[in-house]
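According to TrEMBL, the protein carries these features:
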TRANSMEM  29-48  transmembrane segment
DOMAIN    44-291  domain 'Rhodopsin'
TRANSMEM  100-118  transmembrane segment
TRANSMEM  138-160  transmembrane segment
TRANSMEM  196-216  transmembrane segment
TRANSMEM  228-246  transmembrane segment
TRANSMEM  266-291  transmembrane segment
Amino acid sequence: MENLPAGIPPEGVIPNFIDPPTQALIPKAFIYATFPLVLPFVAMRFYARIKYARVGIDDYLCALAVVSQVAQLALTFKVIEQAAGPHMWDIPLVKITSSYAQNSTVLTHMYFVSAMLIKSSILSLYSRIFHPSPMAGFFIHGGMVVNVAFYVSIIIAFIVTCVPRAADYATGGWLSLEFSNRCYQYNSRIGGTSGVMSAILDSYILVLPLGFLWGLKTTTKRKLGLSAVFIAGSSACIFSIASAYFRLTINSTSPQDQDLSWKAMPIYGTSVAEINMGIICSCMPVIIILFKGFNSWSTQFLSRIRSSISNSRKFSDRSKDSDIEMLRYEGIEENGLPEVPRGTMTGMRTFMSNFNRTRPAKMQTELLTVASADLNYHAQLRQEVERKGG
């Protein structure tokens with residue numbers, strides 16, 4: 001079996017078991033490009049919640065999505081290590097094991113779970129921001145119901161069709177030909193449906209808050225800024241649409257013709273990026289207050305540096321004047337003139353005398369503060385919506 005390919009090669013193609021071409025780098029590249037940003041964003045999210053507000057259901061759902069995503073990433077690396085990436089005819093049949101089939105199936109389930117959790121987290125965040133607007137609540141909770149119902153249905157359908165039944169174990173279990181044909185036949189339909197529906201849900205989640213934001217009684221500049229935060233989620237939507245496209249390309253009922261090990265790699269990559277960017281974008285409206293505070297602090301810090309430089313220059317000028325004055329005093333003493341009465345001290349002595357003086361009251365009262373409306377981002381939005389929607 002070591003010399004038998006897992007798939008039928010095209011006419012004239014010789015299987016390459018030694019160094020075959022592979023697309024395994026595609027999901028790896030997406031993982032390396034997006035996942036390193038996930039953990040810092042999630043950490044900042046919980047820091048902002050603990051410091052400025054309270055941890056809510058949206059935060060817990062986000063944390064669960066991260067756990068599910070880590071499992072998905074681990075399984076992605078595992079199936080690549082086992083066999084996935086090359087063409088089916090470049091994979092020795094001996095590598096297609098029950099473990100490989102099980103890991104591939106669980107990997108698909110974990111994507112569905114991660115997608116459901118992160119979409120639910122974002123919708124829960126919307127509910128927290130736009131509460132108690134009745135219209136916002138209707139669209140947000142309606143989206144939650146559709147999201148959960150769809151993914152639960154997809155997971156159940158996938159389990160029914162792509163998990164061996166009792167009769168399948170008599171003919172090979174996970175490697176049973178009857179089971180494989182049944183799973184591949186329905187998997188392409190389930191995958192295509194889930195891809196399209198996921199793209200629709202992501203688009204809905206992207207557009208949903210914009211209408212409410214532009215109805216707020218605030219400045220156009222602030223509306224644009226808030227809208228930009230939510231529009232940043234379009235990256236997740238783009239990856240979702242790309243994933244749907246690649247899923248729809250796998251439409252054959254024949255496992256050999258599908259070349260799954262090769263064609264699945266773009267799906268793995270875009271699916272990983274979709275969830276990772278979804279997690280990052282779900283954190284952005286929460287952590288924005290941290291960057292506002294940093295901007296205020298950095299502005300204050302730079303202002304103090306400029307003030308110190310300006311004071312140093314003034315002191316330098318005073319020192320030069322003081323040296324000239326001292327020379328004049330020395331000339332007067334040499335000429336034997338009466339001693340000039342002590343006047344206002346200048347030069348280094350003056351500087352040392354003034355060193356510990358307090359700064360003007362204006363400087364003393366400079367504190368790093370953030371307006372209360374900015375400190376509680378969600379509370380401000382809720383107040384605006386309440387004034388608008390009654």
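Heads up, residue numbers simply count up from 1 along the chain you see.
Quick reminder: no glycine exception, Cβ is built from N, Cα and C everywhere.
Just so you know, TrEMBL annotations are computer predictions that nobody has curated.
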Taking the transmembrane segment (266-291) as reference, the highest number of CB pairs under 8 angstroms among 29-48, 100-118, 196-216, 228-246 goes to 29-48
Taking the transmembrane segment (196-216) as reference, the highest number of CB pairs under 8 angstroms among 29-48, 138-160, 228-246 goes to 228-246
Contact set of the transmembrane segment (138-160) with the rest of its chain, CB cutoff 8 A exclusive, min separation 6+ beyond the ends, reads 105, 108-109, 112-113, 115-116, 119-120, 123-124, 126-127, 130, 186-187, 190, 193-194, 197, 201, 204-205, 208
Tertiary contacts of the transmembrane segment (29-48), defined by C-beta under 8 angstroms and 6+ residue spacing from its ends, are 55, 59, 62-63, 66, 69, 73, 76, 268-270, 272-273, 276-277, 279-280, 283-284, 286-287, 289-290
Averaged over the domain 'Rhodopsin' (44-291), the pLDDT of the predicted model comes to 89
